[in-house]
């Protein structure tokens, strides 16, 4: 049997409205891999950010798309051949979790937009998530029309047409629409075929400096462990460039807040890579794709409870600066979208003094606008971020009781 590198090589976001079946679809696609998370729990490294890895396989001698499967055994009893392993990022579809979806989008190479055939199109978060993909610049998209087993043919065809109308003029205009039933595992071969053709593994330069966006961090020590048994803190995230190996030096920015003579400042953390876990395997080195668990020499009190989520880690001396304030070019949407209360309205210009919620990479922070001019503004941040010039920033404004996506900024 052909061996496949089980480290995922591409991150695919699953986005869409709450209850449209994203998580069920992950289970159908990750096949026999769904129990790996309990294994991670036993080993003390749970690096699950709504992530699941799936190995796509092909049955020899069968034409596409019927040849595609996630099962190791084909229908005729022969062994399937692995093609590639992908990592699915399951983005929350609930409107209050939009910031989580946006921070996940920063590490997606492509996306599957899940739309239920049982409801009219678009639902609130379907629209908001598609707009977010458009803003962040994710162009490799496949649309899964889910739950087709729950409607009759006429309703399914009508819903299909609604989807076509909805995506017209958006980044998903040419995306294939695949009717599926995640619950009954119907048309998974067609969906894999579409993903294989529409969401290729990006060309990455292994010679670039290692850079990782931290999405989680934790202390894996059990209460009562002796000093000799203590392990360093673990950082979970996605490597976006370069290669990381056990023994490498690691710098983490912004780092931690220290109090110096009544003044607080942020100082980078420096440590070494003690262990690496990719997929559910311990590895000596890792490349971009999937979620990575990095065991470090850091005091576990610095990493517990996701304390380092949103930070950037990489080769010492190569990271962008830590910023307490920045200026950005602003591109606002025409209207506020994704509201279920019907408070959609025109997006007004950003004003000096107003608070904004900003997502930069996997970091979400609140900033106060210190100066606003047409097409640009300056913000002072409550929590600093590590970001380089040209970084994309998702801008959210308080509308009613919720934060709403109103545009995208480019750090200048």
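Here the Cβ of each residue, glycine as well, is placed from N, Cα and C on the backbone.
If you look up Swiss-Prot, you'll see 7-203 marked as domain 'tr-type G'.
The annotation region 'G1' is assigned in Swiss-Prot to 16-23 on the grounds of sequence analysis.
Residues annotated as Mg(2+) 2 binding site in Swiss-Prot: 19, 44.
DSSP assigns residue 181 (GTP binding site) to a strand in the three-state reduction. Within 10 Å of the C-beta of residue 181 (GTP binding site) there are 20 other C-beta atoms, taking all protein chains into account. Residues annotated as GTP binding site in Swiss-Prot: 19, 20, 21, 22, 23, 24, 146, 147, 148, 149, 181, 182, 183.
If you look up Swiss-Prot, you'll see 23, 46 marked as Mg(2+) 1 binding site, on the strength of sequence analysis. Annotation note: residue 23 (GTP binding site) sits in a helical segment as assigned by DSSP. Other Cβ atoms within 10 Å of the Cβ of residue 23 (GTP binding site), summed over all protein chains shown, number 18.
Annotated region 'G2' per Swiss-Prot: 44-48, in sequence order.
The annotation region 'G3' is assigned in Swiss-Prot to 90-93.
Each residue in the region 'G4' (146-149) gets a DSSP state, and the totals come to 2 helix, 1 strand, 1 coil. Summarising the annotation, Swiss-Prot assigns region 'G4' to 146-149 and lists sequence analysis as the type of evidence.
Confidence in the domain 'tr-type G' (7-203), given as mean pLDDT, stands at 82. Minimal Cβ crowding within 10 Å, among the binding-site residues 146, 183, is found at 183.
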